[in-house]
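Inspection log for the structure reproduced underneath, given as structure tokens.
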Amino acid sequence: MTKQIISFTLLLLTGIFSLQAADSKPIRIGTNDIDLILKIGDNGRLYQSYLGERLQSEADIAFLKQGKEVYLTHGLEDYFEPAIRVLHNDGNPSLLLKYVSHENRKIDDNVTETVITLQDDKYPVEVKLFFTTFAKENIIKERTEIKHQEKKPITLYNYASSLLHLNADHYWLTEFSGEWAHEANMTERQLDFGKKIIDTKLGVRANMFCSPFFFLSLNQPARENEGDILMGTIGWTGNFRFTFEVDNLNGLRIISGINPHASEYSLKPKTVFSTPEFIFTYSTAGTGEATRNFHNWARKYQIKDGLADRMTLLNNWEATYFDFNEDKLIDLFGEAQKLGVDMFLLDDGWFANKYPRSGDHQGLGDWEETKDKLPNGIAKLVEEANAKGIKFGLWIEPEMVSPKSELYEKHKDWVIRFPNRDEYYFRNQLVLDLSNPEVQDYVFNVVDRLKTENPGIAYFKWDCNSPITNIYSAYLKDKQSHLYVDHIHGLYKVLERIQKKYPDLPMMLCSGGGGRTDYEALKYFTEFWPSDNTDAVERIFIQWGYSYLFPSKAMAAHVTSWGKQPLKFRVDVASMGKLGFDIRTHEMNENEIRFCQEAVKNFKRLSHVIGNGDMYRIVSPYEKDHAVVLYTDQAKDKAVVYAFDMHPRYAEILQPVRLQGLDANKRYKVEEINLMPGNHSALECHGKTYSGDYLMKVGIPLLSSSHLQSHVVELTAE
Ligand code: GLA
């Protein structure tokens, strides 16, 4: 036994922490409506006694059973998936965590942090569990810190952020799976005995194939307005894993964290290993309420500038792809101005000279303007855009490198690749090694140089098109299994520096469509790009899926020519998110341009409702060939309803749509907006005033059996 272990054992024998343990009352980690109650067992270990709707009487907590271990370890008596597994210096692979102490820190009236310290009773290994509660929004965040004082590094094999236990007769899991251009498809399945794992191994992004979020319904399939729902997500931009395990007593264990796949971590003495945050809510009123909890919390506490307005924009990706030059762009600024949007966003294709970025095969890494295309550089573009009264934004993909680039020629050692194997490419490119501080500096400098040389750049779209392939870091040498974790920490270091130097710079998070849609990255980004698929019908489904956890203002949605739907339909779908355009106005007639101008004005006028209000999903595109969504401001004075007919059957019989989320006692004037110039509303409710009670109990006809028809309806309380 080492000296450290002996003194640690002495500490134990003095009974310091067993005394504290015996004295401790249950630990109540609550919000206004949720309780997570932990108890310390007579054996000094920490158990989860309850998770669910808040208990009204404190005295009843004494009746709760002990429950199951909160942060299950490996090696002793439990037979299910552990939250943590370590290997000590002496080769012992076990851990037994006992409660030492806990403290509650009130951050403000709404936010409280509870920190629970656990320690192994034989080895100097300490685990701290952090719970942050947001009372009004009913959100709980959970993370873990692991530290030790053994002589040499210990190896961490599993290091979950959270382990939650649920008890019900049945469990229904909804996951959001997908692919490029086909993101966030919802599927629901019942969980039976055994395990279901949702994970990804993409390295630099959490999403593609599986999304880093889910919800679980107890006892019945999930419903929008009733039933017990746990909705959760992991704030991690890399490999994640959720394990759902139904045990022998029909208890469900949910373990969330970094995916431990190929990621054993050698932790030096006295250094802290900090896991990402698992963020969850629990609702007894269905997925609708759980969604509103997430949206309210995210806008107020998590997303960069979550409460501020977003800029509408014209982007040139689908409008021009790589085929543009200075004149064409200046022309486009005029089109942005005509549409009345706030900004023009220049996409991929503006950089590199030795290997100009004329397609996606080359140039990434060489972030100087291509002289042939842009002889007067970004500076001229900013100047011209500003002269037309619009802001200028720029696409970058600074974590990536093309094998055909000067950066690659100069710095192969910065690239994640095997020194002795052929390279495998995803979209013809490779990922830079952000575990290396020199590479972190380089990536930071891409942004910093552009901003220093062109302070007028008002926005970045930050892309990341390739997952990590050829997983090997020249920098990490014999610590290759640290790469997935250290790479993401390196990314956060870069983003932190950018945030510090440019706190007011809005940025869009993009990753070959919706590859990066996690709440840790969203601390640094004002919005994300949900999918490269901009077909309006597909977008109804994609935006619907993401809407479970992300507010509309965080989801960039552009009007393009991908789908061939009527322009109004496409604009109405995009107005349900963060409205933008990616289309040439010269493809439109005068009426269509006037329609777009009006729609932009309406979007801006109503952004406090659409962007910051409460969302109600009323008709699901998964159930019918229609979709209806309503947003209302918090005071319930103004609401906006979006109603879509996609491809309904002939002569379908349709009931009036019963609205939700209104004040039954208020009277609302109903007006259809976003009408084509010269068109009058065909809705019979247009121009009438109804009580909220009537609108919610009887409803109004908003749907039809026409194809690709949409209505946007504004409700104003009198
Ligand atoms: C990715 C993005 C697109 C576009 C292209 C540019 O695919 O998702 O929006 O920016 O890259 O290459």
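Placed from the backbone N, Cα and C atoms, the Cβ positions cover glycine too.
A TrEMBL annotation is a machine prediction, not a hand-curated record.
With a cut-off of 8 Å between CB atoms and residues at least 6 apart in sequence, the same chain places Met208, Gly512, Gly513, Asp532 near Trp180 (substrate binding site), listed in sequence order. Sequence annotations record features per position, and here TrEMBL assigns substrate binding site to Trp180, Asp347, Asp348, Arg427, Lys461, Trp462, Asp463, Cys464, Asn465, Cys510, Asp532.
Per TrEMBL, the feature domain 'Glycosyl hydrolase family 36 N-terminal' maps to 60-268.
Annotation comment: TrEMBL describes 627-715 as domain 'Glycosyl hydrolase family 36 C-terminal'.
Residues or ranges marked as signal peptide in TrEMBL: 1-21.
Around Asp463 (substrate binding site), a 10 Å sphere centred on its CB holds 24 further CB atoms from the protein chains shown. The number of other CB atoms found within 10 A of the CB of Asp348 (substrate binding site), across every protein chain shown, is 20. In this structure, the binding-site residues that sit close to ligand 1, with a C-beta under 6 angstroms from any of its atoms, are Asp348, Asp463, Asp532, chosen from Trp180, Asp348, Asp463, Asp532. Each residue of the domain 'Glycosyl hydrolase family 36 C-terminal' (627-715) gets a DSSP state, and the totals for helix, strand and coil are 6 helix, 33 strand, 50 coil. Maximum C-alpha to C-alpha distance over the listed substrate-binding residues Trp180, Asp347, Asp348, Arg427, Lys461, Trp462, Asp463, Cys464, Asn465, Cys510, Asp532 is 19 Å. Within 10 Å of the C-beta of Asn465 (substrate binding site) we count 24 further C-beta atoms, all protein chains included. Counted over every protein chain shown, other Cβ atoms within 10 Å are most numerous around Lys461 among the binding-site residues Lys461, Asp532.
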